[in-house]
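As written in Swiss-Prot, here are the features:
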type	residues	note
ACT_SITE	70	active site, proton acceptor
ACT_SITE	277	active site, proton donor
CARBOHYD	24	N-linked glycosylation site
CARBOHYD	184	N-linked glycosylation site
CARBOHYD	372	N-linked glycosylation site
SIGNAL	1-16	signal peptide
């Protein structure tokens, strides 16, 4: 076994030696690493029960034993870093996407400085590297509510311990600026920052309600451009106009619903469930791709919720501009409910979503969290999976 592990380690190191840089923070090389990685007592090895072969046209997943939700992964030299939901944003390291993964600490030194939502365990981190510094964008909120905020922390190193929490960038529901369009009708969570070839940075965000939006950032990457002076240039990226399920408010006996200044409900959407979230922008010449998760992410203890076809799946649209419009194969705008499904439930892979794109010398990798239905449908058992991507006529196709 020791010989096998050594061989695996050497092969992994060789394969990761040539990584092309990406402004999106998806793959990096030649960056100093102040936190050397060694497997230890917190190491999580490859999945003991790998997902079974697909039976729905989708390939099986490369499954791992890393329990995670909404992962953000970058590669620095020969080491992969994963940032995910957990106390103060949990960081794991590995020499291979397959693992073994080791928890090495937290990104923040304590609670987020933003006084909203779940400050102890910020959601949906998105980490990028640019201009010699790492930036981790995160969100704080409460489930089912859009009284949310997006913050950012930065560091000269990707590991734990040396991050500065810059705090609030943008917020919805309540607080300064939340009455500005489109913040008065959107949900400021699931941040994703994309830096275009000309150096312009865009913050993509949104979950449920009116869907996914984009706003430009200032050059220092910690301030939204135009928010303070009334010149905010927001673009609507994607939406689910249909009512996929009834709102819980429809059966509520509550006399009042908490609302923002504009009258838009803060907790619960009386128009129904519009399950679109987790936007992630990537570039593969000559197109920009807007990836997102559609459907229900969690709460599958009820068997009926597992069989109605409304669980998470990964969709995409493309454009010739980072500002859109993004369309699917049929030419339907994502704002009008379009979206090409690239990966969904198959075999023991259930409800894949919370995705991102990682680029290495062999091409693009679609990574995500999913539930292994042969193990558990519990939220806490979501784990990291991934697939390679091929492009056919400019459209991404998941392969094993």
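The backbone N, Cα and C atoms fix where each Cβ goes, and this holds for glycine too.
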Which one is it, among the recorded positions 70, 184, 277, that lies nearest to residue 372 (N-linked glycosylation site) by Cα separation?
70
Roughly how many angstrom lie between the C-alpha atoms of residue 184 (N-linked glycosylation site) and residue 277 (active site, proton donor)?
17
I'd like the Cβ neighbour count for residue 184 (N-linked glycosylation site), meaning other Cβ atoms within 10 Å of its Cβ, all protein chains included.
18
Long-range neighbours only, meaning 6 or more apart in sequence with Cβ under 8 Å: which ones does residue 277 (active site, proton donor) have?
189, 190, 206, 207, 208, 212, 292, 293, 297
CB within-chain contacts under 8 A for residue 70 (active site, proton acceptor), separation at least 6
84, 85, 123, 124, 125, 190, 278, 354, 369
DSSP three-state call for residue 277 (active site, proton donor): helix, strand or coil?
strand
So how many other Cβ atoms are close to residue 372 (N-linked glycosylation site), meaning within 10 Å of its Cβ?
23
